[in-house]
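Okay, structure first, notes after.
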Amino acid sequence: MISVLYTLLFVEMTTILLLLFKTPLRELLIVGLDQLKRGRAPLIVKSVGATVFTIMIYEIYNISDTRSRPMDTVGPTDQIILAYQMLEASLIGVSIFLLLIIDRIHYYIRELRTLRNTLEAGKKQDGSKNNGAAEVKALNEEIHKLRTKITKLESESGKKGNEIKSTESDSGVPRNQSEATGGKKDI
């Protein structure tokens, strides 16, 4: 059982190291932990965790039972068994602690990812607002240019209209006569 617990501890420590440092295996591990927390897997994980916790409590009970005996009745075999049980209980306790650390690290990584996505979405919205403000500013400048162009064209058309009127007034008499005779043609 001790070799299994040591293997479990080394796997948990490796998992923690992979979660802490950004490596290609980190994403794979996060996806695996995400899927482990979906569906029926949480029930299985909780059941296994409760079983391991129960085994640890049983080991602690055996340790306390062995220590409660008088020292003269505890033989060398009992002392070896006591040391073995203490080692198992401590390895199980550390294993449960490391599992809790893995769970929290995974949770914080997911939270960090959602916060980054939210922040990027906010920046994109701010960027689009800034781009919209830039577009509005450019359109306002274009409107101003067009208005000045309209006022120039109106003043030019007014000048040309005045020139036409002055030209008509200079040649107004012959034109009036032609209009008078042109309007009354005999058919």
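Heads up, the Cβ atoms here are built off N, Cα and C, so glycines get one too.
Unlike curated records, TrEMBL annotations are generated automatically.
These features come from TrEMBL:
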- 150-168: compositional bias 'Basic and acidic residues' (COMPBIAS)
- 150-187: region 'Disordered' (REGION)
- 6-22: transmembrane segment (TRANSMEM)
- 43-61: transmembrane segment (TRANSMEM)
- 81-102: transmembrane segment (TRANSMEM)
Practice task
Sort out the residues at least 6 away from either end of the transmembrane segment (6-22), same chain, that have Cβ-Cβ distances under 8 Å to it, and list them.
Solution key: 29-30, 91, 94-95, 98-99, 101-102, 105-106, 109
Practice task
Take the transmembrane segment (81-102) and find every residue of the same chain, 6 or more past its ends, with a Cβ under 8 Å from one of its Cβ atoms.
Solution key: 1-2, 5-6, 8-9, 12-13, 15-16, 19, 33, 49, 52-53, 55-56, 59-60, 62-63, 66-67, 74
